[in-house]
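Peer 1: My structure is below; once you've seen it, I'll send some questions.
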Amino acid sequence: MTSTNYPHLAELGWNDFFENQLDDERPAENAIVRVCSVHSMVLFVMGAEGKRQLAIPGNWLSSDPEDRPTVGDWLILDETGQWPVRILKRQTLVTRRAPSDITSVQLVAANLDTLFIVTSLNDDFNLSRLERYLAIAYEYGVTPVVVLSKRDLVTAEHAEDCAAQVRALHDGLDVVVVNALTIDTVNALFPWVEKGMTATLVGSSGVGKSTLVNTLSGEERTPTGAIRDSDSKGRHTTSSRTLYTLPNGGLIMDVPGFRELRLPSCEHGIAKVFADIIEIGLHCGFTDCLHDGEPDCAVEKAVEEGRITRRRVENYRKLLKEQAAQDDEKQQAKIYARQRRVADRVAGKTSGKKQRRRR
Ligand SMILES: Nc1nc2c(ncn2[C@@H]2O[C@H](COP(=O)(O)OP(=O)(O)OP(=O)(O)O)[C@@H](O)[C@H]2O)c(=O)[nH]1
Ligand SMILES: [Zn+2]
């Protein structure tokens, strides 16, 4: 439900979730702004009176990453309208592991509704990479939509075959096939970035994220990179995170940091993507089966019977290994056990089979 107290803000994504945090405090509409981009000392924000620049308060610069503003945040300003004094609780928050230190977290984007996961139908097409991004979307409660680009460069059969493989990754997963260069097919993305909704695009370099933003905008918003013919890899042409308003009133965030694919803590998202494997795993002989050659492994049996692909099982194991990162095998087994508990809670299922511990 959209608030009526701040009509201009509703167009920028404001809703009751944020309004309910104001309690008795009723700031003027121009004292509430949304962050469009963050630089080392300043923020660009948009609000009822358009776009402007604000200095970041000194005490915010030294606070924990989660207490610092990120793109998409809603801020309350002081009575002078010059200084942000409060970051409203985020409806969704996407984080990633810092490139330099895997134990610390960086904020990627706040208050997203939709994650457009872009992959091209030619060289970039890779189901395991899509599963990675799906885990992020499910972990953070952002709706994923897989966008298969470069439709014009492949045959109709190839496009349909790829789309079918992607749809099979998860029940109800939305998949849209586009030629990112023209609005005819890109139009199909608007239901996920309607007026007041916020979306972002993720995917490898060169798959067409900037091209999609430009086509959705009806103008050149972000530079697109020329592809090197030999390897179909684009140059990294986008370097800072920015929130744009589209002509239809939707909001789109360009987030280059997502390309590095360092998964943050994502166990619930992974459990949701691979719920089928977890369910089959409830029938393995060992409660702590890693589906890696153990005897009486139900997952291995399902692979042999063609009920599940080996690629998918291997990707599941790989993502969980990443989650367990530097931990030993015991730690990994704990994660598998937690996955089973998540599956039980989500589906209310147990196999009924009596399982024993390996160690
Ligand atoms: N034929 C065709 N070319 C496309 C399509 N989408 C993107 N391209 C081209 O692919 C190249 C790379 O596109 P970009 O939009 O810059 O890719 P990106 O994902 O933003 O890349 P980075 O900014 O490096 O992450 C450009 O030359 C685009 O014109 C498409 O659907 N069809
Ligand atoms: Zn097993």
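Using N, Cα and C of the backbone, Cβ positions are placed for all residues, glycine too.
Annotations per TrEMBL:
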type	residues	note
BINDING	Cys284, Cys289, His291, Cys297	Zn(2+) binding site
COMPBIAS	218-234	compositional bias 'Basic and acidic residues'
DOMAIN	102-261	domain 'CP-type G'
DOMAIN	110-259	domain 'EngC GTPase'
REGION	213-240	region 'Disordered'
REGION	324-359	region 'Disordered'
Peer 1: DSSP on the domain 'EngC GTPase' (110-259): how many residues come out helix, how many strand, how many coil?
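Peer 2: Secondary-structure composition of the domain 'EngC GTPase' (110-259): 52 helix, 32 strand, 66 coil.
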Peer 1: Hey, for the Zn(2+) site built from Cys284, Cys289, His291, Cys297, who else sits with CB inside 8 A of the CB center?
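Peer 2: Close Cβ neighbours, site residues excluded: Gly281, Gly285, Phe286, Leu290, Asp292, Glu294, Asp296, Ala298, Val299, Glu300.
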Peer 1: How many neighbouring Cβ atoms, not counting its own, are there within 10 Å of the Cβ of Cys289 (Zn(2+) binding site)?
Peer 2: 23
